[in-house]
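Taking it in order: structure first as structure tokens, then the write-up.
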Amino acid sequence: PTSTSGQPFPWHHMRLPKTVSPLHYDLAIHPNLTTLDFSGVVRIQLEVHRDTSLVILHAKQMQISEALLLAPEGARPLRVLEYPRFHQLALLLDSPLAKGGTYQVLLGFSANLSDSFHGFYKSSYRTSSGEVRVLASTQFEATFARAAFPCFDEPAFKAKFTIQIIREPRHIAISNMPIVKTVELPGGLLEDHFDTTVKMSTYLVAYIVSDFLSVSKTTHRGVKISVYAVPEKIDQTALALDAAVTLLDFYEEYFHIPYPLPKQDLAAIPDFQSGAMENWGLSTYRETALLYDPHKSSPSDKLAVTKVIAHEYAQWFGNLVTMEWWNDLWLNEGFAKFMELISVNVTHPELQVDDVFLGKCFEAMEVDSLPSSHPVSTHVENPVQIQEMFDDVSYDKGACILNMLRDFLTPEAFEIGIIRYLKHFSYQNTVSQHLWESLSNQWFSDDELDVQAIMDTWTLQEGFPLVTVEVRGREVRLSQERYLKTDDPSLTEGFLWQIPLTYVTSASSTVHRFLLKTKTDVLYLPQEVDWLKFNVDMSGYYMVHYAGDGWNAIIHLLQHNHTVLTSNDRASLIHDVFQLVGVGKVRLDTALDLSLYLSRETETMAVTQGFEELVPLYKLMEKRDMAALENQMKGYIVDLFRGLIDRQNWDDSGSVSERVLRSYLLLFGCVRNYPPCVEKATRLFNEWRASGGHMSLPVDVTMAVFMMGARTPEGWDFLFEKYRTSLQMSVKSRMKVAMAFSPLRDKLAWMLEQSVQGDVMKLQDLPDVVVTVSRNPRGYNLAWDFLRANWHTLIKKFDLGSNIIAYMVTGVTNRYSTTEMLDEVKRFFGSLTEETGSEMRSIQQTYETIQDNIRWMEAHLPELQAWL
């Protein structure tokens, strides 16, 4: 490689050499919120593992003003070479550093505050009087610490950090650790000195300079918890503060490890790309993920805020014990996702988090059933591939296979293994194998259970198994294969899982267990049964096909006595039967016959899964010219749920689960023009509008009401005016969705343009706007044209490979089902270069999904017509 100066660059790998490693960083940073740039000095103490006259580290898009080696005999200047392609700096020394020695290098640097959402970046907000205020905040995961200061930016290079920040008196600075002192500098500036951190990876370093206010409480053990937000929203922080205290107490008890820092801050950042980030001691959040107004927010907002805090607080994984490299990202994120379920269940049982968790496993299966899926633990090299690891497979599949393992080992044995893992590897880096070893061990007395052999089949190969069950008298024949949406059967060959099967039967409600390790096997029942249900409560990450007369027995059971099975079991049957249609295992009319029972269903999980499987069928038709069949399908779904919709009150009564279901059903009724819903919602909107927006609407019906209001130009304009001035994040997000689902095309186009400018509508909200417009039958081609026209802007702002880019790519295209559209999509993505995203996995997923839709429509349309 050639460096920027034209000289050869002395290192040619993307990964840093292991000749030296950092022990400690002294970092002084001076951001200027007027000129929007920053300067700084970093002093890094190095430990030398092999003689070397070369130090390679990371720096991205920054000017290096000085570089010195600080030796006992005095400072010596270092020669610096830059290789921007790998974001690397080489520091060249005259005489070698000796193995076993410790040295210090000092680097002076400066750069602009980033105008994307990562590195050290600029954020801003508008006060209610219209004044724009600026702040600066960090987001370093996965590879962006290098854009804020020169560092060894790989997770295994853990070190301690002592940070100082210069600011104006009108601002405050917060970082991972508490402030130890503040020094006045000439010119009226202040310099905050923060305490030294524990040993940690660079991606967890964080600091913010802002005018935020905070509220605080202390946990049982005396850890100070504070929530920071912009001054006008500080009154929306109570829920987050209470949840944070409760959850930190829970985790200390569950893990048997005290939280190692004296404080933990949570900050709501006005511009934030993902949902939240687990920086140690200073976790950062999108405002919608942290702020909650008890009068205006819904129960699902409450669950969302509690869950995201539970996720970021599961930091014993990741922060204390960190994956060696990003290929095992799932060790952090899959675990954090899984711990949301465990912790929120115990601390906030009323939020019924189980209902949401199952949906996550179905979402993971959606991408995991495509040929382009990847193993949970998968080789990654460059920053784009690393970014792509932050997907449903790492998070949701990771969580679902851990849940399966916990169910298999028993919760007690699982917890013991987890504590052993965390205690043994504290402040170190691990690979998946370390976790399996900790979970195997001694407590299985005589029975040697090889956890690693089981779990390697779930983490080292992509996809998941379809288990086929055939009952013949007392004999149950089992076989497994990979479930894959493809017309190439060779792609399913050579896969074998060790599957912890569970089942109940008509004769016994006890959960029976069986580990299926081979391609086929046989089980014997004590007596003949009318039906059996495998994968009890869907705690296993696999699908089940009931061959022979199996599905008919289940349909009969659901028609006559559906409550014999749990609502999770019913949801998983709905999911599996419709997914099996797509791969030709089950006839469409069998799946539709099963759906008939839904007219008697009342549980949230099963009802929403019914919608998840049935709605896409007409969504595929909306993008084709087939209005008659499309309306017939829509009519069938409305008829199916009419009784349940009619029974809903237009108020906020009931349990969390009942309230979530109410919002869902009333919104569906309005979108599908079900007259009683339309009349009621329109009347409420007109009353609300007549009151100038001051009338208090029941929270659970606001989405349906806004959706009806956004259908007329006057209603849309009124909503937009309210959106512009509202300080309630959850209300704004509902208004945004309603406006983006309006039938008024000129309004949709204007909204897309506004989101790019990022003035009235924030750029961070653009992905949601684009995807909502694409789901809008009047707007889907606007969204596709917009995505193409603004592609280069989007990949710059949201970063190539990020889950946000993937969300837009798949969200806009995943309901196309014609070869013409497939060709158009391929033409656009095929014209990109590697630098502009041609290699991204989400593009491959898009092709596969459209091909699957085309196959589905060709195979099943006549059948659907006949059945309806």
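Yeah, the Cβs are placed from backbone N, Cα and C, and that goes for glycine too.
Keep in mind that TrEMBL annotations are predicted by a computer and have not been checked by a curator.
According to TrEMBL, the features are:
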- Glu312: active site, proton acceptor (ACT_SITE)
- His311, Glu333: Zn(2+) binding site (BINDING)
- 22-204: domain 'Aminopeptidase N-like N-terminal' (DOMAIN)
- 240-458: domain 'Peptidase M1 membrane alanine aminopeptidase' (DOMAIN)
- 531-851: domain 'ERAP1-like C-terminal' (DOMAIN)
- Tyr395: site 'Transition state stabilizer' (SITE)
For Glu333 (Zn(2+) binding site) and Tyr395 (site 'Transition state stabilizer'), what Cα-Cα distance in Å is obtained after rounding to a whole number? 5
Within the domain 'ERAP1-like C-terminal' (531-851), what mean pLDDT does the predicted structure show? 95
I want to check the contact list for the residue listed as 'active site, proton acceptor': same chain, sequence separation of six or more, C-beta distance under 8 angstroms. What comes out? Leu266, Ala276, Met277, Glu278, Ser283, Tyr285, Ala336
From the Cα of Tyr395 (site 'Transition state stabilizer') across to the Cα of His311 (Zn(2+) binding site), what is the distance in angstrom? 11
Does anything in the same chain, at least 6 positions from Tyr395 (site 'Transition state stabilizer'), have a Cβ under 8 Å from its Cβ, and if so what? Trp330, Glu333, Gly334, Lys337, Lys360, Ala364
Could you tally the C-beta atoms, other than its own, that fall within 10 angstroms of the C-beta of Glu333 (Zn(2+) binding site)? 24
